[in-house]
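Worksheet for the structure shown next.
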Amino acid sequence: DHHQSTDEPSESSKPCCDQCTCTKSIPPQCRCTDVRLNSCHSACSSCVCTFSIPAQCVCVDMKDFCYAPCKSSHDD
């Protein structure tokens, strides 16, 4: 069976952020400081990764909002 490609992002690549910091300016400037392995989330346009294996990647986009937290299904 062959996989049909769709534009729907997979659940794991949906933009989300657990550690988001914003400035107090109007509009706020928000940056996600989550570290992900090998890639950034699907909506990231500026992804910076280390050269280690696995690579540790951080999205350096500046937004005026924070994405929803990633850890929704694993509440302690």
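Keep in mind that glycine also has a Cβ here, set from the backbone N, Cα and C atoms.
Noted from Swiss-Prot: Cys66 is disulfide-bonded to Cys20, selected from Cys20, Cys22. When you check Swiss-Prot, the disulphide partner of Cys22 from the set Cys30, Cys32, Cys40 turns out to be Cys30. Out of Cys32, Cys40, the record in Swiss-Prot bonds Cys17 through a disulfide to Cys32. For Cys49 (disulfide bond), other Cβ atoms within 10 Å of its Cβ number 16. By the criterion of other Cβ atoms within 10 Å of the residue's own Cβ, the least surrounded of the disulfide-bonded residues Cys16, Cys40, Cys47, Cys59, Cys70 is Cys47. Between the disulfide-bonded residues Cys30, Cys32, the minimum number of other C-beta atoms within 10 Å of a residue's C-beta occurs at Cys30.
Same-chain residues at least 6 positions away in sequence with a Cβ under 8 Å from that of Cys66 (disulfide bond) are, in sequence order, Cys17, Cys20, Cys22, Cys30, Cys32.
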